[in-house]
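Presented below is the structure to which this report refers.
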Amino acid sequence: MAKQMEKSTNFPKYRADGQSTFKEKNDEKFIVKYRKNYYDIKKFIVKHPGGVNTLKGLNNSDMTSRFIKAHPHSDAAMYLMKEYHITKPIQLLTTTTCRSNDYNLKDAQYKKLIVPSMEDSNNNIIDENVEHLVDWSRAMLPQIGKICKQYEQWVHKPVDRSLRLFGPWYLEMCTKTAWWIVPIFWLPVIGALIYSEMWGVLFAGNVVKTLSLLLYFLLGITFWTFLEYVLHRYVFHMSINKHSHPWICSFHFMIHGLHHKVPFDSMRLVFPPVPGAILAIIIYAPLSMIVPQPRVVLAGALFGYLCYDMIHYYLHYGDPSNKLLYQMKRYHYQHHFAHQNLGFGISTPLWDNVFNTRIHLRKLRFRLKWK
């Protein structure tokens, strides 16, 4: 019977030094204990803002000590942790030894460390579960107008779930976009704009005119970075309160709120091309009456937007080795899970510096890895 039970569990075996003898990423479960609760964080490992290496060696371990010694987690991060809560596993974790690659605490040390920290509110699981406000089995958008009073509280508490925005399948399909569709749609548009305005100049060999058009193209990119910041700060993060109209809450959720509620939804990380094209036309109309060479400026702005969308997707699902992208990923995750009223620049922190909304990242002892 004992042998059968041992085979039915997915816990690793351990060497004499307490280290796991298997590769954690290939295991079917990744069970950890925090205080008196158990969590299966297998599907969260590669999504963890703190990287996979901070979770190394924790499978089938009590992670309480390491969790408390770590930098305090935000309320949003603690709320997300509830998503992975499970009932007590069949094979109990040890309570006298905290097994991990950093600590091996005996019972007395464990109590000495844990008991005083119980007052650390940032390292306790958030008790207020607000998911009862909505029915996750139904389309979400029609429900948002009914929770306006609690909307701000609800939308900034992330979950790791699939979300249906609309009821009809044909509308729901329009809200989901694979990342590769964006460059397939926009690169020909950008190429056509550049070709129509610059090809004749390049062919004629007019260096001065070519440099002038190049400057307008760069102006378009700069214009996009400013527009990105303004939209993200004042539209995507507009102030919502209990007096807001239900239509305002629904609009906010549709354009950006859902991204903060379900930040790991890979099909809703880039902007669908059709509404993007409508916005481009709306923005181009006044632009064409203000600046010279509006098509070149538009081409630059669309190129800036394309870079933004690709960067945004990569920051969520990539494992950057490049120093700049690495810092950008940490920066954007801080915006999602800790400082949602700061860090509005995604493709560049330029305007965060200008308008004093920059997030200052703390220095880490080791480099984070996300794969």
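Every residue, even glycine, has its Cβ placed from backbone N, Cα and C.
The domain 'Cytochrome b5 heme-binding' annotation in TrEMBL covers 23-86.
Positions annotated as heme binding site by TrEMBL: His48, His73.
Among residues of the same chain six or more beyond the transmembrane segment (178-201), those with a C-beta under 8 A of the stretch's C-beta atoms are 209-210, 213, 217, 266-267, 269-271, 273, 276, 293, 295-296, 298-299, 302-303, 305-306, 309-310, 313. Taken from TrEMBL, the feature transmembrane segment covers 178-201 (among others).
Per TrEMBL, transmembrane segment is recorded for 213-231 (among others).
Neighbours of His316 (Zn(2+) binding site), defined as other CB atoms within 10 A of its CB across all chains, total 20. The annotation Zn(2+) binding site is assigned in TrEMBL to His232, His237, His256, His259, His260, His312, His316, His332, His335, His336.
Per TrEMBL, transmembrane segment is recorded for 269-290 (among others).
Among the features that TrEMBL reports, transmembrane segment is placed at 296-315 (among others).
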If one measures from the C-alpha of His316 (Zn(2+) binding site) to the C-alpha of His48 (heme binding site), what distance in angstrom results, rounded to a whole number?
10
DSSP-assigned states of the domain 'Cytochrome b5 heme-binding' (23-86) in counts, ordered helix, strand, coil:
29 helix, 12 strand, 23 coil
Please report how many Å separate the Cα atom of His256 (Zn(2+) binding site) from that of His48 (heme binding site), as a whole number.
21
